[in-house]
Every structure is written in C-alpha cells, then in structure tokens.
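Accompanying notes for the structure given below.
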C-alpha cells in the first residue's frame, strides 16, 4: 500500500511517556490541522487522557486516533501498516526498540526516534539497512537533541562552503557554546543500562568515529595533540576555551555517517572530520570537566556503582516539569575549515544554532517536524529511496521547518573571523584612518597631514558580507576618524595588531617638539560594543 493511502500520516508510539507528550503537544498546536495522526501505547485509558489534554491545545484540528499495541512483533507490524511514519519514544531503545525498527523496515514504514545509543544504532544498521532499502523505509535514529542539531549544522556549513567556494571541508569544530538543562530519568537510565547490555569491546567498536559510516576515509584524520588528550583542552579563535563534550560520542558517528551517505564522502570532501567540544569559562574549569568526565566514565564501568545510581536517580518517565524547564536554553556554535591549497589564505564558515526552552521540547519538535517533512516534502532521503539514514538527509525542507518552529540558525562563510571594538583607538587631528572595501577586501591605511605615503597596517579578507557597514567612524569630539581594529581571541595577535598602528605613529612624531602628540597618537580606549566581519 502506498504511503499516501494509509490511514495515518504519523503514529506516535509511547505517546504517554515524558518525551512522547512533547511530540504530541507540538503536533496538536503547530502542525497543519489536516495532518492525520494517532497516538499509540499499551494503556488505552492513558491514551484517552492524553487525547483529552491535547484537544484543548487546538480544538479545531483533526484529533488523533487511538491505537493500542504491545511490544510484540505481530502487533507492531499491524500498527506500522496503518501509517506512513512511525515515531518511537519508547526507550531504552536497546531494550525495546529493535522490534519496532524491524516492523517498520519490513513494512516499508518510515521510522524516527530520539535515541543516543550508538551501540544499538550500530546493530540496527547492520541488521536492517538492506531490508529498509528494499522496502523503501526511511529509518532515521538519533533525531532529537542527539544528534539532529549537530548533524544539520554540520551539513549546512559543508553545503555553504561547497556552494560558495566550490571545495570540500577539512574540519568542522562544533561546540556546545552555552546550555542550561537537566536530564530526564529515561536519559539517565539509558546511560546506565548500556553498560549492562553491551560488552566493552562492542562499546569500543561501535563508538569509533567512523563506525556508522557506509564508507571509510581513505586516510585517517589527524589525531588530537598529546596535550589535548591529556587535558581535554583546546583554544579556538571565535569559540574560546573548549573542553570535552558529552554529546561527542553520539554526534560524531552520525555526522560521519552523513558524510558517507552524501555521494560516498565526495560532497563533504575526502579529508573531512568533525570534533566536538563544550565551551568552558577558563582553563581550570575545563580541566575539571575533563577529569570529572574521565573519572565518571571509569566509575560507571563498575557494576556496584551502576546499581547504586539506578536506586537513586530519577526513574524513567520522569523529568523536569515545564515550569522548571521553561527557562532552559542551548546554543551550539561551529567553525568549518574549507579545503584550501594555500594555508596562508584560510577560508572558513561559521554556524550558530540556538533554542530557548526545554531540551525535551526541542526533541519533540525535531521528531514532529521530521515526520511532517517525510510525509509531505521531497528530500534527499526520498531520492536515496530508503535505508538507515540520518537527520541531515532530510535536508533543507527539514531545517526550514525547524527554523519556523523556533530553532534559530545561521551559516556564514568567512575567510577570517574577527570581532571588533568600535572605538579601539583614537587618533589626533593630524592623522586619519581610511578603510576601503574593494572586491570583498578591506584595506586599512593611515595618513597624516605631511602627505607621507600611506602606512598599511592590516589587510582583512572576509568572504561574504560586512555585518556593519560603518567602516569609518568619525568622532565629533576629537575631530578624527576612529577605525575598527581586531580584538582577537589570541591576545598576542591582538597586541601585534595594535602595535602595527602605534609604532609607526610614534616613529613619525618622534621629532615633534611636543611629546603630547606622540602620547595622544598612541592613546586608545576599549569599548564593549562590537560588530563583526563575517
């Protein structure tokens, strides 16, 4: 039966659970009123209560159907035959998800979930990828907080570089830049039970960066420096001081699978690799995070520790209340380095994603909007024809829907990413700054009244656009031009850029009778207002 002829466009399995309710509420309040959907679970009574609750969000829309099913193969097959897309929020997935994936792959039903259990996803790819390709089922695991945002941001940056520069991407540095959130009981229980289910050898094998990719890179990407391995610390211009990330273990294999699915790695580029971090306030804090994560991982390997944690952590199905989570937020930032032949002429793209609200609301939005995208849009996943895919394979239609639902995103290409202070320097009346924007190049020059040849102190080559076009800032109080000079993350570079202006001016005015001129020529004031060349 064709997908469009099925009874429902989407069924939410596990609808009465903590995450499932968020999915249902978003469908009821934001998806088109003619969207045909149903809720499914074991208890008909709980499902009826849920339907009554979501009816109040939008009484005028088509109300969901109610389908009861146990996690039995024959019941799930019948359930899958009724819908074009099945969303499963029943976890831990390594305990309860395999039979659901099997039913969908067998019946050609598209499937979505929000797992972060890479070992289980590894098993599903090996067991059901070929079956899903034969039946045309689009099966996308890890389509929630893990790993939809990271996968989509990486894809958008790679696509931007490919479209604007015509080259591949060498490295994407992704960071959880800012976050306020608390995990649910289901998330914590899943982490603990993974170690009870899988052997250490399987965890190691499935957790490798390229374990999920259908093709492997011809050459291994450069390894992390020894100091970074020991401390977990890395400093990146525009991102700051970075440390280990909890999301890296889940996100990197999914992103690398997208790399392999996109034209066998050729679209992203043969040298592509991704690194994930979390931003930290300073070196000491970052080192502490690294040590806590390392020791915590070692502790969880011990069965008595896991037993104690399972006795005292929040139970599955529970989590932060809506009131507690209403002020939560998360922001990701990333920098993608284009493949260039000349290292002295770097080209980069900058990406940012931000969501304000519960992380489980974001997961609910991702699942609901992905179902809508699969049911009604045409995406790269449809062109492939099915299989075990990734969130980024839903492409631009999916990202656009998420943007409309509240996920703020941007992707900008830049050769040099610099942040500026508007009044970094002040010059006396006999000097001025001329900043010319020609063909995407910004040339800054110093002139004086004696008509000496211009002193070029810096040349910047941004790639796309100028966020603020006030290249020359005139100070009425001092009757001078006030230029915008770089405030770089690298303090040494910052110092050199100041000295490049200051020292020539000191030299020019050294013979002047008044020492005040030299003093004022080098005088500068730092302000907090910023704009950026991107």
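Glycine too: its Cβ is placed from the backbone N, Cα and C atoms.
Checked against TrEMBL, the range among 164-184, 185-205, 206-226 recorded as region 'Disordered' is 206-226. Between the listed ranges 246-264, 265-283, 284-302, TrEMBL ties the annotation transmembrane segment to 284-302. Of all ranges given (475-497, 498-520), TrEMBL attaches the label region 'Disordered' to 498-520.
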